[in-house]
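Peer 1: What TrEMBL records for B:7-33, B:53-76, B:88-109, B:121-139, B:151-169, B:175-192 is transmembrane segment.
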Amino acid sequence: MLVALILLPLLPAALSLVLPWYQLRSWLLPATGAAHLGLVLLLVSGAPPTPNPWIGLDALSRLVLLVTSLLFLGCAFYAVDYLAMRRDRGNRVMVPCLLVFLSAMTLAISARHLGLLWVAVETTTLVSAPLIYFNRNRLSIEATWKYLLLCSVGIALALLGMMFVAYSALGGGEPASLHLDWLLMQAPGLSRPWLHAGFVFLLVGFGTKMGLAPLHSWKPDAYGEAPALVGALLAGGLTSVAFLAILRAVQIMAAAGDVHIARQALVGLGLLSLVLAAVFMVRQPDIKRMLAYSSVEHMGILALGVGIGGLATFGALLHLINNALTKGCLFLTAGNIQRAFASKHLSEVRGALSVLPLSGGLFLAGFLAITGAPPFGPFLSEFTILRGLFAADRPLIAAAFLVLLAVIFIGMGATVLAATQGEAGEPPGRFKDRLLLVAPPLIMLLLVLGLGLYLPEPLRQLLEAGAHLLEVRS
Amino acid sequence: MSDVNSVILLVVILLNFFTLGSARLVACIRAVALQGALLALLPVTVHGLSGHSLILALGALTLKGLFIPWLLLRAIREVRIRREMEPLIGLVPTLFLGVLATVAAFLFADRLPLLLEHQEGLLVPASLATMLTGFLLLMTRRKAITQVVGYLILENGIFVFGVLLSTAMPLVVEAGVLLDLLVAVFVMGIVLNQINREFATINTERLSALKE
């Protein structure tokens, strides 16, 4: 079943290479996305599949799988109208790359072997590079080159980290293996220095992919130049997948009884990400680059939450869902605004609310959601992390967290309000809100709103089971 | 066999210095090809002849020694460049940094808690030195193609370390790693071509419109 889920997008991807009809090719995306989500729902709610040393689902991967699949479906519907609008650019590369991207992310999420995980994450880098290069101009090629080079080097370091972990298992007499379950079982006997070095390299490697500061430098360029739906998928989906890879490393450290080292590293990187995001978000005149820094910020929050542990881990996992869906809403509506004004720079984007009441309104609401205004989901998850900080008796970090969130709120608010409020200067182009360009972000935002008001019991259990996996087992 | 290993690894380290000090791109790529081909021998010389090590060796030889360098040489021919002019730091200082990195790698490897059977050989220090060389090239060169060469040398260093563990890594994963490397270089090659078409040069310094 899980294998079918991984292979599912590949068939339409192959089909899209030979189909001669433009519109039909675009519709392959939502069709595949819907089938994918349907299968995911079956898998997530169903009984645990037969254990397999290579692929499998635990609470953490169920969570990320659900989020990624949901986000992909939304972006897939958006893509239909988006690609129809940009016929000059074509969809012969976009559609198959998006589908293979979905397959690679699914494989990365369900991998139970570090090597397989590595291969899948590297594949996501390679198939997303053409997506970033969609606009085929100077800026997008620069962004693509930086993305490709930095993420490839990062992922090479993760490979080294994986090898260090494998080396730490060599002394045990048994032949070493990189199967996660085997490593978790053997963890107490692993050679400590190698394990620790391995963790650092895994953190740096997958942290590059996730965009934790100071390894985030590809992010503003890539998110700024990629089409909106690609930005949404990278910021909500791929970063969650990379985070899951880091969580696997944390799991091994926890099983080895060394989780405090892992946590300190995560708290450090998390705080640094928040600080850097705050610095660059103030007076950011480019709305998509601003969203990229917001993504750096929220990756920092995730790392911080898991780094504190306990209740904060629960909050971080909840925040993963909220961040992915809200980022989806923000990127997609920012894309609409960029189409309407033919710019994403504040010097030209004014009064988005009056020109595009729906997209502009959703963008504004998405901004309120992502900065943690009640009653949206991120408020609840950030508040849970804050409670976790106090529960863990880290008041200084809690204070820093609050101050940084406030600075980011003000910085981001200045840009968003300037873009949405006021009168539109010149008569903008012929762009109008269309159903498929507005409905997906609207639904994502409604989901986030729902999560802020009510946390369904099965989801709560899933989050708790996930958080439990990251605790020290006694 | 350990003598053969040491000779191979010493040549690998010398090739590191050669790429750091050379201003000619074609020579750099040939050096990387030679390095890859030599490294491909390691699985056999370290673990002895077996189906597993043979396949790994053949895969690495084909990709690292032949196919990827061929791709790069073709890319240079298409964009008509021969020399790495003006590196960010001069060639002599980079060479000096390379020497420092290699010394550091040897000192560091001495202090690592290695298993008994790995303490004598050059595998670990050579691997670290090669990785650092790759990093140096990545950081100090302007041309996109030299950065790809740096990435390849970095991967070569990781490959050397991987030889220590090839029992732990099933063939499937190794094949995946090699394949990903190939595709990575392939995609980089395509991007390189586009950079060239767009900027009429593959100097990454021109790639600086995006910044804060």
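Indices start at 1 and increase along the chain as displayed.
Heads up, the Cβ atoms here are built off N, Cα and C, so glycines get one too.
Heads up, TrEMBL stuff is auto-annotated, nobody curated it.
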Peer 1: Should anything in the same chain at least six residues away from the transmembrane segment (B:7-33) have a Cβ under 8 Å from its Cβ atoms, list it; otherwise answer none.
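Peer 2: 39, 41-42, 45, 64-66, 68-69, 72-73, 76, 81-85, 87, 91-92, 94-95, 97-99, 102, 121-123, 126, 129-130, 133, 136-137, 143, 145-146, 149, 152-153, 156, 160.
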Peer 1: Report the listed stretch (B:88-109, B:121-139, B:175-192) having the maximum count of Cβ pairs within less than 8 Å of the transmembrane segment (B:53-76).
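Peer 2: So the stretch in question is B:175-192.
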Peer 1: Which residues of the chain, 6 or more past the ends of the transmembrane segment (B:151-169), have a CB below 8 A from one of its CBs?
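Peer 2: The answer is 9, 12, 16, 19, 32, 35-36, 39, 42-43, 46-47, 52-53, 56, 60, 64, 68, 118, 123-124, 126-135, 137-138, 177, 181, 184-185, 188.
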Peer 1: Who are the chain neighbours of the transmembrane segment (B:88-109) in space, where the CB to CB distance is under 8 Å and they lie at least 6 residues beyond its ends?
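Peer 2: 13, 16-17, 20-23, 124-126, 128-129, 132-133, 136, 139-142.
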